[in-house]
Amino acid sequence: MVIIGGGPIGLYATFYAGLRDMRALVIDAQDELGGQLVTLYPEKVVYDVGGYPGILAYDLAQNLIEQAKMFSPDIRINEWADMIERTPDNMWIIKTDKGGAFKTKTILIAAGIGKIIPSRLNAKGEIEYENKGVYYTVRRKRDFEGKRILIVGGGDSAVDWALTLSPVAKSVTLIHRRDQFRAHERSVKQMFQVATVYTWHELKEVKGDGSKVTQAVIFDNRTKEEKTLDVDAVIISIGHKGDLGNMVKWGLNMKGRSITVNGKMETNLAGVYAAGDIVEQEGTPKLALIATGFAQAAIAVSVAKKYIDPNASVFAGHSSEMDNKFKK
């Protein structure tokens, strides 16, 4: 089975495929596994995954990666699943942007919202200092200890980063181009207590010494008055978009950016399944939850196992009865 997507649902599907004695190949367009857990909110706590009263998103991702690797799958990151072709013997060939070509009987699409691409301001110096002081998310809170931080944005993520970093940073300043915030009211009130906030302000320029950020120029978008701030880091948190690449051209039945599946997680293409945030399941409310995606992944893998081997059972039993698989 080829699993497209290395986020939490793809990782769990990889584990479950191994549990069902299926060889798995994971293809992910990001440069690391973990999906949104590591790309968007690694330092935030996830509360709605069974068995964890609360766990850092990054830690949950690492646990899922460890679990996924239990049955030694092949993993290819920073690689797009670009095209699929049907063969005369009813197999699929998946071609990637790196020249890879993989033949498989089944495909599970767990691509989430697609490759996550941060929205950029294109301010002067922004690209030059990307990853040298300009960031679009917070991977590790400790990287910002003792630093003077400027956050750009007015949504939940921007406000949450201000609250998260204020205990460890030397200072936190947040600018927003309006005076109304698209964040939880309570969080906004807390932010004003721990950060310096400039409303009606935007980022004009990021300055540095060539290797790191040293200053940011902001301006009042009503008066055009400029201020130069001494900063060590600029976090631009104005949203992101998901890129599905050429997947939209594969002939899948889609509703908007979602792939339509039935109760068995089957798409309209034989041997192709989907699970997680990317699916729109017929007759079922869409819940964009990790917990929901886990169940969908298990169903998809189990149905795919039966498709590969008609003599196989859809339900192979409980993992607690499979100690031999885990004690090798």
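Positions of Cβ are set from backbone N, Cα and C atoms, glycine also.
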Recorded FAD site member, picked from Ala81, Ala158, Ala233, Ala298, that accompanies Asp28, Gln36, Tyr41, Ile116, Asp277, Ser320 in Swiss-Prot: Ala81
Helix, strand or coil at Ile116 (FAD binding site) [DSSP, three-state]: strand
Reduced DSSP assignment, Asp28 (FAD binding site): coil
Where Ala81 (FAD binding site) falls in three-state DSSP terms: strand
Sparsest-packed of the listed binding-site residues (Ala81, Ile116) - C-beta count within 10 angstroms: Ile116
